[in-house]
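Following: one structure in structure tokens, then a few remarks.
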């Protein structure tokens, strides 16, 4: 592909810092080996997952490649006899799952190309070293004064960024470093503004920024050349590493863990904060501070890779700060990353996890105060301090900087506006990602709580109580209905049975059965009077049987002859015309 060729349409710009998780779903035994079916997921979305099939030999090959790290990884041992037994396969599957958990939770291993290719071969099958060589070769056709000495293989952590040791033909002893990088997911600048800003980088002069010798870009990548620093980076100093060694070998398993001296911490920290403040004041987004992006020249720190934010590359610590919704601007990202860097300078290693609950003893309490303001639970929950606030803290406020170089970085107004819009877009994507992670974490926590043993016991107890309460209520309701039914039946038969010798009262239109005594009944039906006068209504039945004797006496003394004769018109007879 020619250097000035446009990227293919619909190109997917993956965020390589999004963690991959892997779970072995099943295993299947073939003739002489066992295959493991693995579900791999990118980030928190279950929809963004796929299946891969791996044999034990694939795991073994990956593990051999990772021996460069010096880490003792828990790959289950080989077994030649009995390796097809069901119990052995189940046990090995557990061991391989543990192995996957270790390499996917290690911050450096999970971002390396070897692990990415093992878990996601579709997206990481390209040979980026070859692609970079093609781009560099096309560049040299128009710039013949440069010459490649050798590739600096895997000295960085980025999969899509490659380095080459260079020289100028008429200055063969002088060594330079060429870096080539592909575009990232946060590239929001237009192609024209992007190329203009990349070419503007060599004009940036600052005592604490490592100067760019040459820079150029096309629509799909950028190429920059800087002087090669024999002493390496600040991370090389901390880990006592050789600058040209591969990243995995240098930093995964340091032989000696030792922090810097207090004066070095104070001086380097102050210098880095000064350059961050300069970039923030200029409106230039950075967001890529870590110990490998700081070069040492004597006692002076110089910042590297200003082009990363223009290319849209994700930060080394993105998987950390994407967990905290208050770290949602590039300025706060820089402060958070400075906290990581300060921790590494102080203790000789990165923190095991963030936020940090308690800090080990430090050379000064002033160091701990800065660390607490950037990496503690409270800081991550409530937000980061500003760079200006850090500069006022006791650790850095008394540091004297002796530099006479005047900073210069002129950005045209139009490009400043383009940077502002791009910065807002970068922050918007970060905020959206943080929101999704926050919602996923809440859902996972709720599901975990709902499915916990204690919660299940609570639900069982509540279910039992509810069942008992329901049974009691049903029993009471049934008893009440049964009692009402019995009372109703009993009250209807009690009147005539009070006196066994009394006659059964006749059924007439003017009388009805009496209601049961327990609840106060409505007025009784009217009874015919003893005389021929208009019938009078009986008084209401007294409660608890009082007045019932009078009623019985009236029934017994009833005379049929006293009833008024009714006149009827019978129309039922047939009419004959």
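Backbone N, Cα and C define each Cβ position, glycine as well.
The compositional bias 'Basic residues' annotation in TrEMBL covers 437-448, 457-469. As annotated by TrEMBL, compositional bias 'Low complexity' applies to 483-513. As annotated by TrEMBL, compositional bias 'Pro residues' applies to 514-529. Taken from TrEMBL, the feature domain 'PX' covers 14-126. For 88-481, the entry in TrEMBL reads domain 'Protein kinase'. Marked as domain 'WH2' by TrEMBL: 547-566. The annotation region 'Disordered' is assigned in TrEMBL to 437-545.
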Legend entry - Other parts of the chain folded back onto the compositional bias 'Basic residues' (457-469), taken as Cβ under 8 Å at six or more residues beyond its ends: none
Legend entry - the compositional bias 'Basic residues' (437-448) - residue tally per DSSP class, helix then strand then coil: 12 helix, 0 strand, 0 coil
Inset, instruction - Please spell out the DSSP helix, strand and coil residue counts for the compositional bias 'Basic residues' (457-469). - result: 13 helix, 0 strand, 0 coil
Legend entry - DSSP residue counts for the domain 'PX' (14-126), split into helix, strand and coil: 45 helix, 26 strand, 42 coil
